[in-house]
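Trainee: Take a look at this one; I'll ask things after.
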Amino acid sequence: MAETNSREEELLRRIQELELENEVLKKKVAEVEYDAKYPKIDENFCLDEYKRYGRQMIVPEFGSLKSQIKLKNSSILVVGAGGLGCPALLYLSAAGIGKIGIVDDDIVDISNLHRQVLHTTDSIGMFKCDSAKKYICKLNPHVIVKTYPVRLHNDNAFDIVNDYDIVLDCTDTPAIRYLINDVSVLCRKTIVSGSGLKSDGQLSILNFNNEGPCYRCFYPKPPSAESITTCSDGGVIGPCIGLLGVSMAVETIKVLTGFYTKDNFKPFLSMYTGYPQQSFRVFKMRGRSDKCSVCGSFPTVSKEAILNNEIDYVAFCGKVDSNVLTPEDRITVQQFSDIVTRQSKAPVLLDVRTKEQFQIAKLPNSINIEWDPTFKKLESLDKYLPEDFDKDTDPVFVVCRYGNDSQLATRKMKQELDFKNAKDIIGGLNKWSDIVNPKFPKY
């Protein structure tokens, strides 16, 4: 009797086990049927991301969930976290790019904040790449951000660029622009390139799918160093440069989601102007140049040449040497201050900044004639001088913002206008603010 009861208990236990196994199998079958009906494109795509990116996924041109997955599985390298890089980074991280690299060795300064929208007042003194990462991680925790607080150069460019799918050139230096182009072409990376100054800018897609034209195809030789104006010298309207950065983000999304194909992509150059009326013009560009030194039929630019520093990008692009005067032709801001204090008659002071800068802040009794490399404007200086002014003996002091243009102007005045006693003020008005009058505004 006891043996019979034991056998029945064993059968009941086994039946319960089989019923449990059956329920597990039913659940697995249901999951398989569900997955067959609603396939998982990416098991790492969570419900939060559906909500986060839903408004862009429903746009027909975007490409729905598959395009969103492409963005998540993509990586971009942004070189320069400034006026172009910040808005591009802002929108691309919000759009769901999976991995973002940021290269910038510059430090956040208060003068950056009107246009470099990832940085805040609290970021002043931080590396720009680290400041940008801090903002991005708060905006979208699904994005992986890697920072490179270094200057891109021959030795590190290949190692950095190789880790990413696409490169955004958000720099403002010709030498770096050529380096980015050459390394990206040799690494078979597409480049989204932008530039901007004052209220104007332009953008293009280079080396698309490793078949489109590159930067050297359009510009085999760099512009003269004298013709290059930086944001600090020429100025920039924040929203204008920001619009270019946002446009770069749009083009990047098009490339990464496959909107552009080998068949439909045509090389282009988009040009934007903010004043007097905003306008965007798009120009068709030619294809690859067979004579291009990096992507042509007989290239002379190679990975080995770059790594061995056989290509000097700074020398290739040139630079303006502002140190053109002897020590005898220059005085310090303190020396000029002593002259002003000591003399009853105000010295002749020529300010060679633009009229816009002159209106911001100026020293008393200064004459404003903008420095012009052609030297035409300075020829009118005579009419501003006292009638008894003697070019052979009387001093005329020349000042600018940083002490660069004033050197060039002083040299021209001595060599071509016969001002024998022209003197450059070392360090310009910025140094005046540092040493003589801290209340004199810097801008």
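Cβ coordinates are placed from backbone N, Cα and C, and glycine is handled just like the others.
The ATP binding site feature in Swiss-Prot is assigned to G83, D104, S111, N112, L113, H114, R115, K128, D172, T173. Residues or ranges marked as Zn(2+) binding site by Swiss-Prot: C214, C217, C292, C295. Residues or ranges marked as active site, glycyl thioester intermediate in Swiss-Prot (evidence: sequence analysis): C231. Sequence annotations record features per position, and here Swiss-Prot assigns domain 'Rhodanese' to 343-441. Positions annotated as active site, cysteine persulfide intermediate by Swiss-Prot: C400.
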Trainee: Looking at the recorded positions C217, C231, C292, C295, C400, whose Cα is closest in space to that of R115 (ATP binding site)?
Mentor: C231
Trainee: Please state whether DSSP places C292 (Zn(2+) binding site) in a helix, a strand or coil.
Mentor: coil
Trainee: For the residue listed as 'active site, glycyl thioester intermediate', identify the closest of the recorded positions S111, D172, C214, C292, C400, judging by Cα separation.
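Mentor: Among S111, D172, C214, C292, C400, D172.
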Trainee: Of the recorded positions C214, C217, C295, C400, which one sits closest to S111 (ATP binding site) when you measure Cα to Cα?
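Mentor: With Cα distances computed to S111 (ATP binding site), the winner among C214, C217, C295, C400 is C400.
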Trainee: Check the Cα distances from L113 (ATP binding site) to each of the recorded positions C214, C217, C292, C295, C400 and keep only the ones within 10 Å.
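Mentor: Near L113 (ATP binding site) by Cα: none of them.
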Trainee: Using the Cβ centroid of C214, C217, C292, C295 as the reference point for the Zn(2+) site, which residues of the same chain not in that list have Cβ within 8 Å?
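Mentor: Output for this site, in sequence order: V185, N207, P213, Y215, R216, R288, S289, S293, V294, G296.
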Trainee: Which of the binding-site residues C217, C292, C295 has its Cα closest in space to the Cα of D172 (ATP binding site)?
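Mentor: Among C217, C292, C295, C217.
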Trainee: Based on the record's binding annotation for ATP (G83, D104, S111, N112, L113, H114, R115, K128, D172, T173), what whole-number value in Å is the widest Cα to Cα distance?
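Mentor: Spelled out: the longest distance between any two Cα atoms in G83, D104, S111, N112, L113, H114, R115, K128, D172, T173 is 21 Å.
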Trainee: 10 Å Cβ neighbour count around C217 (Zn(2+) binding site)?
Mentor: 25
